[in-house]
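Take a look at the structure set out below.
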């Protein structure tokens, strides 16, 4: 927050809900005029309609009864005969709950791997001195310019050589320690002053103790960003599981949804219900954790 | 000065380094090796010399894919560099409820591209929301073939990508806006500069570096597009396979008995070069701009 330097004016803190008292012609950046507020909220609502509208429309379609005309020219958002029957029908068509479980297994493995592997490496690279540190760091940086799709075929060959083609573990494995996450953790650990380390060393703390008691507590924001993104990335991924998995029993949700829409169904209500099954969990995860995410953004954890 | 045993750092780094070597560096080398073979998805294959690269030159689908990628990039760039910045300015001020709006605007980003593409497929259906509304309003007499015409399909996928990307770049801009001096804005306001002038003369120059970074990200991700086109075309690449992207071609050659991992690897090398070129150009632009 900037400091209000004008002594004639009391410091105005952004107080939600209270309209700021301002005279005409005055200006201030902690205060918002009523007119500006109205304009801002109108614009916010407009963008909200554009970003959230399609999801609501899909939700509405998934809840509309089989007898209800979903093709009406005047779109009706609220279902006339609301029903959950299509959610059951999806499960009768494809093993959608197994797919959800498969997605979850992959996501948990990827989150665990990244949180552990990336924080360990990030800590060592930023806070421990050792020969070869710069080289290792350079290797991690170098792979960032390489789009993942370029190596996806030979990655598949590697996973196949391990005997993991067509397995969920094969889907999770390559993403379990991402180079980008290592660099994010490296950056986060680096923002801690070196003096703290020196003090701990004087007190006789070894590297592991410095990692657990000094390093980790100071990078919680970045760890949550890494975890959130690893989860979302694994849950949403499509191309990689599509290449690795050939057996419909082992599909993850995204591949299963494509299977549903491509093979079985022209019923928009059914596909809508399927998409909601994949969409709602991720929204809940994100909505619950968003404050960590936005906090991480402020700490500079998101830089592309 | 070292304060730990020599192997301690290595113990911590080894897992990540192993992953890097096995799943990043070795596959990069192996892609080049594979591109000289006719390796099959289920195993086996022999050295075929330059045959895959000769095939590349005559691959008509690849030509369409490259053209589509360029169109994708050229259309996405202006929209996704400008609109998210405006959004970031809109959600920057901490009004009551702003966290809700920020989260909501970010929702399309956290949704899977598959989910989003299936939603749009329904909205753009011959009897879907857009066609229904447009017919009702009398703008069109028959449904527009968003999902079956080569060009409409491509532009539908592009608008989907833009819509899905807005929140992502908005957040990056939002982080950058925090560093744009508030006192600068205040000073300009004292001098009578309106919101628009302050946006053009203070905000935009203030986030210039971020803008370059974002345009690199946009270009690269436009060239890597897969899920949107795959779902909207039902995995078939549109009429006559003319709505493929390079990644879609790679995926098509990765599967089944007729798959050819060798050729898919050659396509991957093409993908590498097309994504690296805009990156280098924009990075160079950045450096020159910084010197000026």
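Residue 1 is the first one shown; counting continues down the chain.
The backbone N, Cα and C atoms fix where each Cβ goes, and this holds for glycine too.
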According to TrEMBL, which listed range is transmembrane segment: A:210-235, A:236-261? A:210-235
Write down the single range among A:69-90, A:135-156 that appears in TrEMBL as transmembrane segment. A:135-156
The annotated transmembrane segment range in TrEMBL, which must be one of A:190-209, A:270-289: A:270-289
Under 8 Å Cβ-Cβ from the transmembrane segment (A:210-235), and at least six residues away from its ends along the same chain, one finds 103-104, 106-107, 109-111, 114-115, 118-120, 123, 127, 172, 175, 178, 181, 184-185, 187-189, 191-192, 196-197, 200-201, 253, 278, 281-282, 285-286, 289, 292-293, 295-297, 299, 301-302
